[in-house]
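For ARG129, ARG169, GLY175, GLY176, LYS208, ILE210, GLU215, GLY241, ILE242, HIS243, GLN284, GLU298, the entry in Swiss-Prot reads ATP 1 binding site. According to Swiss-Prot, the Mg(2+) 1 binding site annotation covers GLN284, GLU298, on the basis of sequence analysis. For GLN284, GLU298, the entry in Swiss-Prot reads Mn(2+) 1 binding site, with the evidence type sequence analysis. Residues or ranges marked as Mg(2+) 2 binding site by Swiss-Prot: GLU298, ASN300. Marked as Mn(2+) 2 binding site by Swiss-Prot on the basis of sequence analysis: GLU298, ASN300. Under the heading ATP 2 binding site, Swiss-Prot lists ARG707, ASP746, LEU748, GLU752, GLY777, VAL778, HIS779, SER780, GLN820, GLU832, citing sequence analysis as support. Feature annotation from Swiss-Prot assigns Mn(2+) 3 binding site to GLN820, GLU832; the stated evidence is sequence analysis. Summarising the annotation, Swiss-Prot assigns Mg(2+) 3 binding site to GLN820, GLU832 and lists sequence analysis as the type of evidence. Swiss-Prot lists GLU832, ASN834 with the feature Mn(2+) 4 binding site, giving sequence analysis as the kind of evidence. Taken from Swiss-Prot, the feature Mg(2+) 4 binding site covers GLU832, ASN834. Taken from Swiss-Prot, the feature domain 'ATP-grasp 1' covers 133-327, and the record attributes it to sequence analysis. Positions annotated as domain 'ATP-grasp 2' by Swiss-Prot: 671-861. Among the features that Swiss-Prot reports, region 'Allosteric domain' is placed at 930-1062.
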Amino acid sequence: MPKRTDIHKIMVIGSGPIIIGQAAEFDYSGTQACLALREEGYEVVLVNSNPATIMTDTTIADKVYIEPLTVESISRIIRQEYPDAILPTLGGQVGLNMALSLAKTGILDELNIELLGTRLSSIEQAEDREKFKELCKELGEPVPPSTTVNTVEEALEFGDRIGYPIIVRPAFTMGGTGGGICNNHEELAKIAKNGLELSPVTECLIEKSIAGYKEIEFEVMRDHDDNAMIVCCMENFDPVGIHTGDSIVFSPSQTLSDKEYQMLRDCSLRLIRALKIEGGCNVQLALDPNSFDYDVIEVNPRVSRSSALASKATGYPIAKMAAKIAIGMTLDEIKNPVTRTTYAEFEPALDYVVCKIPRWPFDKFSKADRTLSTQMKATGEVMAIGRTAEEAMQKAVRSLEIDEKDLYSETAHHASDEEIEQKLVKAQDDRLFYLAEAFRRGYSLEDVHELTKINFYFLDIVSHMVEMEKNIQENKDNLETLRLAKKYGFSDATIATLWNESIDQVRDLRKKNGIIPVYKMVDTCAAEFESKTPYFYSTYDGENESHKSGKKSVIVIGSGPIRIGQGVEFDYATVHCVKALQKMGYEAIVINSNPETVSTDFSISDKLYFEPLTLEDVLNVCDLEKPEGVIVQFGGQTSINLAAGLKDHGIKILGTSVKDLNRAEDRELFDQIIKKLKLNQPKGLTATTHEGVIKAAEELGYPVLVRPSYVLGGKAMEIVYNKSELEEYLHDHVDIAADHPILVDDYLDGRECDVDAICDGQDVLLPGIMEHIEHAGVHSGDSMAVYPPQNFTDEVKDKIMDVTRKLALTLNCVGIMNIQFIVRNGEVYVIEVNPRASRTVPFLSKITGIEMAQVATRVIMGESLAQQGYSDGLAPEPEMISVKAPVFSFSKLADVDSYLGPEMKSTGEVMGSDHTFAKALYKAFAGAKMQLPENGNVLLTIEDKDKEKILPIAKRFARIGYRIFATKGTADFLKNNGLHVDLVTKVHESENADDNILNELREGRIDLVINTMGHDIEKNSDGFIIRQMAIQQNVPLLTALDTADALLTSLENRSFATDALK
């Protein structure tokens, strides 16, 4: 059926900020969908609250609204735009839930707006646990024994009757939010309560656990004419019981017999047809490893995280096809963009193995509960492609950018046998390394299978790699062993360690003997048809399929997996760098390892290499492509860290030189520049021993800011207020050495700001100054920020510009750089310089209209700012005011303290823009899901040092009609200052009393918590327990008084003043 001509304007709802369970894959799918609809001639209106994405670029849709994803906000846009239809199935769970909410308000019926793609009834049938179970019964498809509950009592009755373990799955949530495996009555009571609170419809499915079964996923497509096909089959390394987003995944499936595959394939096709889904969907199935019995776990009636992985694994662009199906086209009339000759109905065939490994945030959150279960905890993922499962897995491990570069872990090596067995039984993020260690110690496949229930085939892969380690070690400099090692994915670095040689010695031996990788094309059809995709992976098997084009080329290094501190913002900058290079006539080549992002869409760059971002893997591509040079400024710290190694091997680094990058990043060299330029800086000292750090802190005087050098996202950065806190910090965090010194800074309390500058060696363009709303001490990534700044005089702005210019020119910056300042009493202090793009680039680019990454790329390639039409200095400020607000994923990470400090904790961001600061704040808070009633109850739990500061804030809350609740110390202080306060008892006082602080939160009597008890970071401290309870109960929580002040500004502008005349 040809595309529909009765609709012309389509609204696409995006997925909002990045949180755990909903990451950059929806930027990728949303971008693809918008472009596909425009390609077919439709006018596209996009609504999304996330400024960090490519999706919210003005080139992606005809109209782009960066507005809160609330019913109120979207309804307003609908009445303004009058779209003919809405496409909600590409914005993750947020988009789906928003479509359901809009439908319930009646606005879609009132304005005769159609929902495209999968019908609402189908979405409800797939998402509503009880309706889905009934459908499976009708189809004769098996599901685990289960019941749907709306109360904790119902859950406990079922659990006690059917027996444990039990799995809790809340309805209409994402990433397993609120769910879990319960082994007894007490665990079920706790998890069911949490799950019911987090489900928007207060409903959970309680089912008998089938943990230990194989977990298989099918990505399925169906069109209006009932054509249906399988895009990809994926198999989880981990058995059922660990969320698929936290599982290692292989594609194609590795252990299914043809009979099992056909049986599960048929089941998936029956389900998508029965649900009448139009577009893409993800079917999760559990297979008993000892029989042909299987159970249906769930169906996601939309594009998902697995769809992005399947798209990159096969080269088949699922979101693009789903968008075209939504407008009435059928699979047999849509061309496959990879081959450009076959049609979309052909099922992809793979002649390689893909391995995905999740990237978890536990390097940031060392005290978090690392146990993996049915609730997702990973922030991102990496993907690697190889000819064997071993090669794919080894490449994926080294793509993770963690301490382990292969299957050897120093921590696992020093663990006792008892600790290793505990790690195998209770899955955590590092279980893979303990599996390898168990095999090194002689555990049999049977022993390890008994402890883990992981399939023998996957255990054999790990065991084989451990055997190969031994083989490599015993055959030093043997060429056959070297060939075999490379075939199975061993890196030069691992081989060098096993041979006790340098990496360059292994590399030289390999190259001298012609042991070099070939690059194979990802073509969707196992080379059956000619393919046009410039999408490649390396292997040491067969013929090379990637050839130099003859055009001048530039390699752009991506930013790797999404993690806290290095998010989708860097992918945004990478994509814009590619666009600028293409406009200048260069062949733009991307190297990246992240399957979720737009930069790894093969249609974005001229050539895509899906490779780990290690020196060896990047050099191999450089050896083949012989580029004009490599750009490292847009891939975050990942690419910057590769610059020196690339230069040492003769590769030209374009833009700021490696020497100057080092001058900005090395503390002592940077201090010399500050002194030479006579600039202000917080006093700081460097130490290389524990004793040296303590001495430095005493010399500067507490509080001090401590951190390692060369880090991103404030990793291991803390404000410490006394010697005992400093000793605990040193014990918890840090390996100190001469080449890894610790920086100790005097902590300055002032107003922080961020600038991104572009310098061509002569002129310096400052697109904007972003003022942080929180005072210094909260990491810039966790601060709310406003542009244009609201509290800086022209004199301060001039000083910032002057200092920026001096630093950019002295550091010989060519391209982009980021500087963070503290403004105190009209003086400007330099905190740090990052000689690369920062996470604020997308936000500033969108609100200033200056495509910063593109302008910087042109500068890097030799085009001056003047030639591009920009002059030296601060760019003119727009009339609109924009606020950026961070978004956190604390509900997914038990035991992570939500108190904000210098170490970054946010996973995403939203933006609010309007003509006044108060309205922009309101939108930013709404986008971050902090919508408060005009009057309600606020709980204040405040440190003594903040008591004076809380008084004006408390008075303002009282004035707009909020009731104030506080514990005795704060309550007495506020009462003495004339305020009415409701007293609550402390955490450990009369715990069962109705007015105990935790009971007040549990019973839903509190609308907002302001808690500044931050230094007490112990898990049993009152401050920590209150913060955890607020997050569990989904109560808005603020830990900085500046944020409370901003929230009040927003609330006051919604409330009427009620002042007596006298």
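Heads up, the Cβ atoms here are built off N, Cα and C, so glycines get one too.
Binding-site extent for ATP 2: residues ARG707, ASP746, LEU748, GLU752, GLY777, VAL778, HIS779, SER780, GLN820, GLU832, maximum pairwise Cα distance 18 Å (rounded to the nearest whole number). Taken residue by residue, the region 'Allosteric domain' (930-1062) breaks down under DSSP into 54 helix, 19 strand, 60 coil. Spacing of GLU215 (ATP 1 binding site) relative to GLU298 (Mg(2+) 1 binding site) is 11 Å (Cα to Cα, whole number). Cβ packing within 10 Å was compared across the binding-site residues ILE242, LEU748, and the lowest neighbour count falls to LEU748. Listed in sequence order, the binding-site residues from GLU298, LEU748, HIS779 having a Cα within 10 Å of the Cα of GLN284 (ATP 1 binding site) are GLU298. If you take the Cα of ASN300 (Mg(2+) 2 binding site) and the Cα of ARG129 (ATP 1 binding site), they are about 12 angstrom apart, rounded to a whole number. Each residue contributes its Cα atom, and for LEU748 (ATP 2 binding site) and ARG129 (ATP 1 binding site) these two points are 53 Å apart. Under a cutoff of 8 A between CB atoms, and with a sequence separation of 6+ in the same chain, the neighbours of GLU832 (Mn(2+) 3 binding site) are ILE819, GLN820. Classification of LYS208 (ATP 1 binding site) by DSSP places it within a strand.
GLU298 (Mg(2+) 1 binding site) is 14 Å away from LYS208 (ATP 1 binding site) when you measure Cα to Cα. The two recorded residues ILE242 (ATP 1 binding site) and ARG707 (ATP 2 binding site) have their Cα atoms spaced 34 Å from each other. Counting only the Cα atoms, the space from GLY777 (ATP 2 binding site) to GLU298 (Mg(2+) 1 binding site) is about 44 angstrom.
Here the Cα atom of HIS779 (ATP 2 binding site) is found 41 Å from that of ARG129 (ATP 1 binding site).
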